[in-house]
Amino acid sequence: MVHATAGIDTIRQQHQVAVDTPVRRLEVQAAWSDLTAQEKAYAHHFAKASWAGARACLQQVSEESPAIFQLLQMLFRAPAGNQQQHFLQQYAEAATAAASEADWRAFLAYAATFYGNLGNYLSFGDSKIVPAVPRESLAKIVAARPATSDADKARIQAIWERVGPKMYSLGAGERELGFAPNGSSAYYSPGISKDEAELVGRYMKSAGVLAENTRVFKTASSPPTYELRIASASSSRADAVEFEGAQIVVVHGDFSEEMAVVAAELQQAQQHAANDTQRRMVAEYVRHFQGGDVEAHKASQRLWIADRGPVVETNIGFIETYRDPLGVRAEFEGLVAVVNKEMSAKFTALVDSAPRLLKTLPWPAEFEKDTFQRPDFTSLEVLAFAGTGVPAGINIPNYDDIRQSEGFKNVSLGNVLAAPEGQEPITFIPEQQQQQFRKLKGPAFELQVGAHELLGHGSGKLLSEDTRGKFNFDKGHLLNPFTGEPISSWYRPGETWDSTFGSISGAYEECRAECTGIFMSANPEVLAIFGHSGEAADEIMYTNWLIMARAGLCALEFYTPETKTWRQAHMQARYAILRVLLEASAKDESPGPRLLEIRPTTSKDASGQDAANLEVHLDKSKIRTVGMSAIGEFLGRLNIYKAMADVQTGGSMFRDKTSVDADWEAKRAIVLRQKRPRPLFVQPHTEMDTDGRVVVVEFEASHEGLITSFVTRYGATERLNP
């Protein structure tokens, strides 16, 4: 029993929100001040549409997230007539008296982390978060809210009693996202298996229904009956269709309230659009959110690509499929940002050089797109990134047919990259390299983001056949470079990258892009575009490879040994790269140090005792030889297997490179002891002042500041403030 209790306590500690979780502020005031009144109005309504739609994320993350969100909004929103900051001070005093200051701080950290992830599962890692405060203490904090009417007290208590147990529960199927019995996913009703989800997927393929804005709910067992719910403002229910012994019912109106607000705000934004392309783009967005037709969203993305160099950049919809355990259903997100023209210049130069740089990638020309579709690539200052997390860069749209024939856009989120960092020691980096690593991490990562997005996600051809039986490659003559035989697999009509490679598609593609980034960071032309030459360029290249190697080690935090699954696509990708580099190092017989080593060492733990630790040691002199050879070989295979739709060979290779044996599990234990909480971002809010002008409200970089941003944005409940 002692051992069982200890195990439960260890699990709980891994899921508790750290009280010292850092918060960084996205600075946007300088960029905002340069906008015209028309541009500000366009951005304002687009931001409102984005945050209104982001309420859907709560329902996509977990069943309990919407109720937790409402509880937090009711607790932290100041009553009418009370100043928000003063109310939080009053609440802090009352909560400290009822429980303790430590409990109050832990609750603030939980609330801020919940808001920052728009749900009670981490957006980067897909693991459940629970408060690091005893449940009985949190009950006292909930009851201690000052200046609360009897009606609100009753509502708060009712929500707490309903959702409190789920806030703390860590059953085996609740700890991470995934299919039952090992995980949970709100894309599916409880208990739906992977086989059942795949059955519905086969129906969707046969019916020509795309999956991005759908969820699946099982409503009966005999015969098996599934509702395929499509996000839309309008509601309808089709007759059941028999398919493979099951009944499929297509239902429109999922997230109907949210989608209606999104469409209405976009119609307001349309009145302030800068040009006809934007107006037509917004009209297609509205059609998509009103009726749920993904073809309308695809039309919006074609127009979005055509809207070159806007001052205010936007995108909205069900975009990324990382968190669906099947890898096909997408999470809602909305982006509103202001272009930083000075910072964008280097990305424009990278685009100018792209046709030449793409030819240096390690695969034959037949496996690259026939024509380089010159994309926009801009550095943006984020005004709103409404979703479960804020990335550093984006390459969209994700629709294969559009990317292959019409192109895409790249964005680097400049104020995310520039957000100030703390000064705590960087894990796994030798002490003598800490200062240099900290100094060069920013510019090295900026280069990595640029190459990753444009030359990584933006490269590669999908060999495919269309509905007329026409091929986009020389069928019968194009040879598989690894077998010398004619190509025998390709994408058939209705097949996409995500549907073909399934659950590994996200991590596999991120690995391809990350490999491209470090491969290109050794290219003098790319280094020069970002302002680096000579010895300084070598240091940037070295730091970028060191960042990647360290990230591969840190990635073990996002692996679950019990289910042998990865919870984060980028980290699974980085672990694969680490494995490739270590294997190449082990095979290298040239004189001198190895390219890469993970060396055991010791460091002081919190109690001052010596504890096992690890250090990443990378030899700069072997990056352009041993390192480039290994990454080039691996990257070439990643791209060619993807191009050929060869999920059998490519999937086997990738799973092998991301397997975790006993030795790596031992390293994982050290990584878990050293893990640090990821920073949260507090974002600004736009609103109309008394003169009808759109203004930006910014918040302090603290847990209280992040909480205040959400109660300002949404009000006392989950509804959006004007």
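Note that Cβ sites are derived from N, Cα and C of the backbone, with glycine treated the same way.
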Legend entry - Per TrEMBL, member of Glu381, Glu510, Glu525 binding Zn(2+) alongside His452, His457: Glu510
Legend entry - Additional residues surrounding Zn(2+), by Cβ distance to the His452, His457, Glu510 centre under 8 Å: Asn395, Glu453, Gly456, Glu509, Arg512, Ala513, Glu514, Thr516, Gly517
Inset, instruction - Quick one: of Glu453, Glu510, which of the recorded positions has the smallest count of other CB atoms within 10 A? - result: Glu510
Legend entry - Cα-Cα distance linking Glu510 (Zn(2+) binding site) and Glu453 (active site), given in Å to the nearest integer: 10
Inset, instruction - Could you check the binding-site residues His452, His457 and say which one's CB has the fewest neighbouring CB atoms inside 10 Å? - result: His457
